[in-house]
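Have a look at the structure below before the remarks.
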Amino acid sequence: MKSFEVNFDGLVGPTHNYGGLSYGNVASQSNSQQGSNPREAARQGLAKMKALMEMGFKQGVLAPQERPDIAALRRLGFTGSDAEVIQRAAKDAMPLLVASCSASSMWVANAATVSPSADTADGRVHFTAANLNCKYHRSIEHPTTSRVLGAMFSDEKVFAHHEALPAVAQFGDEGAANHTRFCRAYGEAGVEFFVYGRSAFDSRYPAPQKYPARQTLEASQAVARLHGLSDDGVVYAQQNPAVIDQGVFHNDVISVGNGEVLFYHEDAFLETDAVLGQLQAKLASKGGNFKGICVPRAAVTVEDAVRSYLFNSQLLSREDGSMLLVVPEECRNNERVWTYLGQLTSQGGPVKEVKVFDLKQSMQNGGGPACLRLRVALKENELAAVNPGVIMTASLYDTLVQWVDKHYRDRLGEADLADPQLLVECRTALDELTQILKLGSVYPFQRQP
């Protein structure tokens, strides 16, 4: 039976803004308070989806969340009508209103961790929504994320969904941004690679000193247990704390893997040789041939990697066995990175082509091509069980562009977040979107009695 990797990209929400909410994310911090263009952001994301679909890759779409999150503000003590809640929050606690308006759910690499059926004990595709406990504005996402994923992957014979891990720092879980999978073919058993920043309960593990380590070893282990993964198909690795302190807040900012290939920076991990040895041995036991592509710090510094998002790229397998690397425009604008990429594609390795996309609206908030997509490896029968409304087609692309142009503003600043009309616009747009994508009532405003 055929098998595929399907990339489900996050659709940028109507409240996309530069709130500077993500401490440890250099781009998010440095672009704080700039004016944003939600319409352009959504169009840039859709253009990438369309281009990859037209190149023959399986492509889906993941809906954004309801923002501002009025229920979250009510939990923090703001009362009155929805409009009054917004106005009171704007007057008394603007940072809380900004957080409740964040469109950060567009970075669906953080939506969940996904294990394909070939790896799991019960032979189903498993999803665990990420609690994103490290940042308040993201910690409020997982209930809606779970409902949206449940509406997309609803057949319980094929798909299994788990609640987010306990919402405490010891089980901080950032989803697929700290997880990748190696395999000979997508439908065959593989090796799942979990990368963590610290241990919650074992002080012998080093930890970063400046920025928080968002993923714990204990969270990664819990997800592996929930998904029914066997020890011979799992490798845990600690990310280098020094690079976290340089702005590498998720592992997908310093490495990316696909198939039998790991593309990584020399400074990405602690005990790199041991990690690579485990990956090689465990993948070999599954019939695979692991290949590591190390980018030396002499060619590309960690600072270059963070500025360009070289590793926050998509590594995609072509029909002929070669690979395509999808990178943001910022890579072309960095001389050292662009020189390295030219060498990479000409040296006879698996990466044969680099494709550049303009994702500036997302990049200025610290999210590149890899942040915008959730990978789901599916066999042919499993793909047939996915809600067809979320699979990208030329027709769906056209419909979504028209939907964006109809509902999204082309300018959004902090003061605009206090406008109750923005909430009305967002709810109107999302109500229409659930009909376009055939999701049913997944948003809180649709579920109120």
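Residue numbers in this text run from 1 along the chain shown.
Cβ atoms are placed via backbone N, Cα and C, with glycine included.
As annotated by Swiss-Prot, active site applies to Glu174 (among others). In the three-state DSSP scheme, Glu174 (active site) falls into the coil class. Residues near Glu174 (active site) in space but far in sequence (CB under 8 A, at least 6 apart, same chain), listed by position: Asn110, Ala130, Leu132, Cys134, Arg214, Gln215, His250.
The active site feature in Swiss-Prot is assigned to His250 (among others). His250 (active site) is surrounded by 28 other CB atoms, counting those within 10 A of its CB over all protein chains shown.
The feature active site, nucleophile is assigned by Swiss-Prot to Cys371. The local packing around Cys371 (active site, nucleophile), expressed as other Cβ atoms within 10 Å of its Cβ over all shown chains, amounts to 27. Under the three-state DSSP scheme, Cys371 (active site, nucleophile) falls in the coil class.
Under the heading substrate binding site, Swiss-Prot lists 19-28, Asn110, 137-138, Arg214, Asp252, Asn365, citing sequence analysis as support. All protein chains considered, the CB of Arg138 (substrate binding site) has 23 other CB atoms within 10 Å.
Residues annotated as compositional bias 'Polar residues' in Swiss-Prot: 25-37.
For 23-43, the entry in Swiss-Prot reads region 'Disordered'.
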Cα-Cα distance linking Cys371 (active site, nucleophile) and Asp252 (substrate binding site), given in Å to the nearest integer: 8
Alpha-carbon spacing, Arg138 (substrate binding site) to Cys371 (active site, nucleophile), which is rounded to whole Å: 14
